[in-house]
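Copied from TrEMBL, the annotated features are:
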type     : residues : note
DOMAIN   : 2-193    : domain 'Neurotransmitter-gated ion-channel ligand-binding'
DOMAIN   : 201-307  : domain 'Neurotransmitter-gated ion-channel transmembrane'
TRANSMEM : 194-217  : transmembrane segment
TRANSMEM : 229-247  : transmembrane segment
TRANSMEM : 259-281  : transmembrane segment
TRANSMEM : 369-388  : transmembrane segment
């Protein structure tokens, strides 16, 4: 039976020293911690006379013969007391009946995580201690020295998280069938390191979006070049999205990384649709030009090309005809001025005659606008995204 059975509640002080924070699992939503759990109470039945006022220390074998607090971990999944080389339990009894009961435990407990800002998130987890059988009328569980009751090792570190703060709290917990219980909380806040996700997720996704823009500078008639480029970027974005979600729990809300990846996927997909529109409009335009060419008399068509002599002589009429060539449907075309230096020897001196020939660059208006709209919209999205979530 507990000390002072039938009388007031026995106060049991608790302090904890965290040895290590072993792992944080996003998939299982839990954490694993190794700690030293110590209880302090007074049992006058264990007092003994002593002239030196020295305490007596025992191992775990005596624990089975006396009353000890029945503290358990609320919401724990797995826990065990270390037993190498013997059970890691210590019992120290003082002459006046005060008792120190210490054990080394590894516990895996549940942690409710919110991934709405993942991977730019912070998580707060709690390890909860409570008496299993004794209500607050029989056992009063409290932190022995307030926040000083929790000690941590300065060397504790995690690969993906920065441990920001440990602190303690306490409150009453109510069960409808048994009553009120004292509950103690070990709270700690974790902030996720972003650098890993920048290298593995954000940077590759950004490069894929930028790679999809290359097709805007490729000639619209180069179908074997533009189509595989668009399909490759779409499949790569799909692989990145699948890889990220494979290491995450299947939550029913949107995460911050999902917003970035899916917006990037939309940009890549729109670049493929952009070429589909360009190719379709080009086909329609060529069909109209072909019908118009068939209706016009032969004298209105483009002059027949004349062969250029191998000795370098060039007919001025050829230059004039090429220079004033305009498409038959009257559309304005982009022109690139190519300077041709035609040299001919006349008399005793050498005189250079320069002619300018106009040549068309086959660029569609949609491609020209896309070169500006797509990068500008993606930069604006990044500014808004990082200002909200960072």
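From the backbone N, Cα and C atoms, a Cβ is placed for every residue, glycine too.
If you take every residue in the domain 'Neurotransmitter-gated ion-channel ligand-binding' (2-193) and average the pLDDT, you get 92. For the domain 'Neurotransmitter-gated ion-channel transmembrane' (201-307), the number of residues in each DSSP class (helix H, G, I; strand E, B; coil) is 84 helix, 0 strand, 23 coil.
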